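*Asks:* The structure that follows is given in the form of structure tokens.
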Amino acid sequence: MDNRPIGVFDSGLGGLTGVRELRKHLPHEDIIYFGDTGRVPYGSRSPEIILQYTRQDIAFLLSKDVKCIMAACGTVSSTYPAAEAAQLPVPYLGVVDAAAREAAFATRNRRIGIIGTAATIRSRSYEKLLRQLVPGAEITARPCPLFVPLVEAGYVDHSAPDKQQITKLVIAQYLTEIRDAGVDTLILGCTHYPLLKTMIGEFMGRDVVLIDPAKTAAHRLEQMLAERGLRGDHPTGQAHFFVSDVPDSFAQTADLFLGEYKGGPIDQIAIDKY
Ligand code: DGL
């Protein structure tokens, strides 16, 4: 038993989709969340800058005495070196591994699509793993950079029809090639994409399985804590949020990602100090 908090971080607020899943799977755990709202987005940046930011984010969480760290960010999970993660003083989990395994399990025709930020697709993180897991896999991958700003502007599944029209055009623009490749499984490899799941599903067709990495990672973290004897037993787990820009916009946008779960306190920190 270990009642220290779980540390979760993301380039911004998208990682709250991960917090929402953790709340469902691990209701007795405390969570410390860091969203790098002052430096988001990561997905369009160079590997060197992403690594520097990732190290600072992790150093901040470690200063809060977390018992494990989950990178909810697709970009960070795709670029943070496994060798470095293995040296951390607490267990580290990204979102790529569990989602790739789920995709390998789901596919019947070995044709798998991957979408994510430019940095995620460039890293070929999912692709490398899938080629090991699914011999002969045919992989079609593409970055979808407009999805993040569309989601943050509220052009999501449950938005008004005129907003949805715009998102649907962008979905068609990005995903036609993947649909035409005949994939039966599509990895939504970025924190924001699950908020477009219904529209993406309608475009791809109902036979295509959509993999949500936040869900698979939360499930994996639950197993990992149990295996290592690190589960907490708080009567009700609390969440404490930290951001690197003023918290105002956090409160406005957080609802979009958190769903019904209403979070805890929000504080601003100076991430450059870590
Ligand atoms: N959180 C990022 C990801 O999942 C998306 C936003 C960004 O580019 O920083 O890749």
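Cβ atoms here come from the backbone N, Cα and C positions, even for glycine.
What TrEMBL records for this protein is below:
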BINDING   ASP10, SER11, TYR42, GLY43, THR191, HIS192  substrate binding site
ACT_SITE  CYS73  active site, proton donor/acceptor
ACT_SITE  CYS190  active site, proton donor/acceptor
*Asks:* Show, in sequence order, which residues other than ASP10, SER11, TYR42, GLY43, THR191, HIS192 on the same chain lie with their Cβ within 8 Å of the centre of the Cβ atoms of the substrate site.
*Replies:* GLY12, GLY14, GLY15, VAL40, PRO41, CYS73, GLY74, THR75, VAL76, THR117, VAL148, CYS190
*Asks:* Compute the C-alpha separation of THR191 (substrate binding site) from CYS73 (active site, proton donor/acceptor), stating it in Å without decimals.
*Replies:* 6
*Asks:* With DSSP assignments reduced to helix, strand and coil, which class does ASP10 (substrate binding site) get?
*Replies:* strand
*Asks:* Given the recorded positions ASP10, GLY43, CYS190, HIS192, state which is nearest to CYS73 (active site, proton donor/acceptor) when distance is taken between Cα atoms.
*Replies:* ASP10
*Asks:* Sorted by position, what residues of the same chain at least six away from HIS192 (substrate binding site) have a C-beta under 8 A from it?
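*Replies:* Sequence-distant Cβ neighbours: GLY14, THR17, PHE147, VAL148, VAL151, GLU152.
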*Asks:* Within its own chain, what residues at least 6 apart in sequence put their Cβ under 8 Å from the Cβ of GLY43 (substrate binding site), listed in sequence order?
*Replies:* SER11, GLY74, THR75, GLY116, THR117, ALA118, ALA119, THR120, PRO143, PRO145, VAL148, CYS190
*Asks:* Helix, strand or coil: which one is CYS73 (active site, proton donor/acceptor) in, per DSSP?
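*Replies:* In the DSSP reduction, CYS73 (active site, proton donor/acceptor) maps to coil.
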*Asks:* Please report the three-state DSSP label of TYR42 (substrate binding site).
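*Replies:* In three-state terms, TYR42 (substrate binding site) counts as coil.
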*Asks:* Identify which of the active-site residues CYS73, CYS190 has its Cβ surrounded by the largest number of other Cβ atoms within 10 Å, counting every protein chain shown.
*Replies:* CYS73
